[in-house]
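**Student:** If you scroll down you'll find the structure; I have some questions about it.
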């Protein structure tokens, strides 16, 4: 080793282990030993001319071989067979398959498929897996040991050399913590840097993923070291962002010169799901897909206790790390004991959560464990030969399917035996099993992958059994193998579940069903949606009470893709995935058909009646008002959020029971609406009914009630050819104060004071109704915040039509048009009073169009009619 190289190694901390200083000097990072090729046609093999390196390149030196591949022992030069064995040194290869594609002296590896004559003459069967492979990564096909590869010298000869797996390793230096710093790359025995030219977040993300510091990287730049001793290896790195290793990215070898701004590439790593989720890593495993679970919290890494640790917890960990496939929990420090604090205990995930933070668990730092109980997981990727059971009531039974080339397919039952069933169930983590009738499960529509399978019973994997080639069969799907497995003590099965959430409900137990598939939340179409489907959704979410299905976008329309259609659950399945019979993304629906559920549904209904004394204490109360939704420019309301909203409907003899007007409940027996609602069909009580407690017009609900009309009172000054005095009262059928039953979803609104000026006393005003949303009439109750305007706006716009018995309201901004429309006539304009009670200040009356610029809505001013209302209703 030269003095300059020794100083450089000392600065970088890369000085080789000193077995003897003389041996270090004689055995430098680049070996110089050469041997002559043996005679004969078999070795060396000459490359075609177009594959040869240019002759101007000096022949690369061979390494000293500490232990060459067994298959090449007979083909090595005699001098090498009888020669000395040089000092052995670690080569930095982790378990698994490295991404290195150069020898430890810098010669680029040939693709394995580029030397077929040599491989065909090589007898070991273990080499067959490399025949035809287009990659050039170093491998050890003849057994455990140091990986190697073939390379071509300048004369076109094929030779081989060992690889140093540390080549391409990365580290971060100079940052404030382990998640940030200048990127350093290991190559040719020395750590070096990367020029920051074209360095972006995709490149940074690959670095973070390679270091297991999260999937999200932010590209940074740092000045080069002033010493100038650190080499620059690459520039213009061009990663896609999904590479496993920086070696797999396109890049330019540094040819000296000036790096732009003299800046080196640097990164800041973070977890891709955002700061709300704890950072997780897997430590001590044989690959990035397994290890002891460690969480980063309060500035340090710690472990998780394995109390109640199961595959559902592992499913969440794997999902949070972005690792799909088989999730399995490991106990009792299977991947070694940690050394930091024990962060969490008693983790009890359902398997649906996106982060361990969302699972029930102990408080941070609370536990009764030692590191002998450290929890671990393995997240085995989906690979050819993975099996599952589909179409059954759970993951323990169903049609046997095998994963091959990115697609699930079935197995033909020709020659099927109990031993085959035993091996399949054992691979799925069950102890026992039996063949089931194919008639119990729906036929598959995918490929038939396997036929004539024959197992001895000793196999640990299904693909170890003898069988035909993939896709070769003489069967139909009527011959698909179906089995039922019985649980064993170790559950190791493929989890087919995906996260489910409920959106836009009154509480977390109800809402529009959304599922997380292919990295995106989407909805379920309500074709065939029943209470049995709802039961499975609620069970998957951890609810044990009765479940009810809701259809026709009962909880509002979703915005993402429609993932699933024609769900067919029996009600006993473990998760929604067990009910899906149709390809993901295939449907014939719109978001107006989004499915919903209500979990722990008990249908409790209040039956209390109102009286004059209690009316003042319950009027204007909104018991459910924590969320807001469309009149023109509006949003879906919260179910039960406007309990005084009622609808005036035509009886079926005069139509289909359709909505005619909105209205406001003033007491158990009296309703306020607009006089013009009765212009077309007259004021005969036989023509009308009033519906209270409604939310979705097409879905019957537990608080919903339709009541007949006993009396219609139109203000005596109202004229059909005018819009003034547009107010009416409706008396419901029933005994005094016992017409509509009050509940959390059915309550009266308060009246304003006589001559009260709401522009001065009221704030936070809303209009509600089922009217025109700008696209169609809404099925769900809509709401929209609306400002009260000075009367001059309406006087200027409507001239003499606007009187002192009217209110002017609406948003005049071009991008915030809010207005009531057809179908909302007679509905309330509500404003919140001090003290959190709500009063009806306006009755939707008229206007020029819907949401038209500079044309605010006009509402009957209720405060001008309070004496008349009280004289009629006796309130």
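Cβ coordinates are placed from backbone N, Cα and C, and glycine is handled just like the others.
Sharing the features that Swiss-Prot gives for it:
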type	residues	note
SIGNAL	1-20	signal peptide
REGION	29-68	region 'Disordered'
DISULFID	93-165	disulfide bond
DOMAIN	93-165	domain 'Kringle'
DISULFID	138-163	disulfide bond
DOMAIN	170-271	domain 'SRCR 1'
DISULFID	208-269	disulfide bond
DISULFID	239-249	disulfide bond
DOMAIN	280-381	domain 'SRCR 2'
DISULFID	318-379	disulfide bond
DISULFID	349-359	disulfide bond
DISULFID	455-465	disulfide bond
DOMAIN	500-601	domain 'SRCR 4'
DISULFID	525-589	disulfide bond
DISULFID	569-579	disulfide bond
DISULFID	619-750	disulfide bond
REGION	619-630	region 'Zymogen activation region'
DOMAIN	631-874	domain 'Peptidase S1'
DISULFID	765-831	disulfide bond
DISULFID	794-808	disulfide bond
**Student:** Helix, strand or coil: which one is residue 750 (disulfide bond) in, per DSSP?
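**Tutor:** SS state of residue 750 (disulfide bond) = strand.
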**Student:** What Cα-Cα separation, expressed in whole Å, is found between residue 239 (disulfide bond) and residue 379 (disulfide bond)?
**Tutor:** 25
**Student:** Tell me, by DSSP, whether residue 794 (disulfide bond) is helix, strand or coil?
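**Tutor:** Where residue 794 (disulfide bond) sits, the three-state DSSP reduction gives helix.
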**Student:** Determine, to the nearest whole angstrom, how far the Cα atom of residue 619 (disulfide bond) is from the Cα atom of residue 831 (disulfide bond).
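**Tutor:** Distance (Cα to Cα, whole Å): 13 Å.
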**Student:** Any idea what the Cα distance is from residue 579 (disulfide bond) over to residue 525 (disulfide bond), rounded to a whole Å?
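**Tutor:** With the alpha carbons as reference points, the distance is 14 Å.
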**Student:** Is it possible to list how many residues within the domain 'SRCR 1' (170-271) are helical, extended or coil according to DSSP?
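**Tutor:** Going through the domain 'SRCR 1' (170-271) residue by residue, I get 16 helix, 45 strand, 41 coil.
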**Student:** Which one, from the disulfide-bonded residues 239, 465, has the smallest tally of other C-beta atoms lying within 10 Å of its C-beta?
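**Tutor:** The disulfide-bonded residues 239, 465 were compared, and 465 has the fewest Cβ atoms within 10 Å.
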**Student:** May I have the DSSP-based helix, strand and coil counts for the residues of the domain 'SRCR 2' (280-381)?
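**Tutor:** Going through the domain 'SRCR 2' (280-381) residue by residue, I get 16 helix, 33 strand, 53 coil.
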**Student:** Compared by Cα position, which of the disulfide-bonded residues 359, 569, 831 is the closest one to residue 589 (disulfide bond)?
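**Tutor:** Nearest in space to residue 589 (disulfide bond), counting only the disulfide-bonded residues, is 569.
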**Student:** Give the helix, strand or coil assignment DSSP yields for residue 831 (disulfide bond).
**Tutor:** strand
**Student:** With every protein chain in view, what's the tally of Cβ atoms within 10 Å of the Cβ of residue 750 (disulfide bond), excluding that atom itself?
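**Tutor:** Step by step: centre on the Cβ of residue 750 (disulfide bond), count other Cβ atoms within 10 Å, giving 19.
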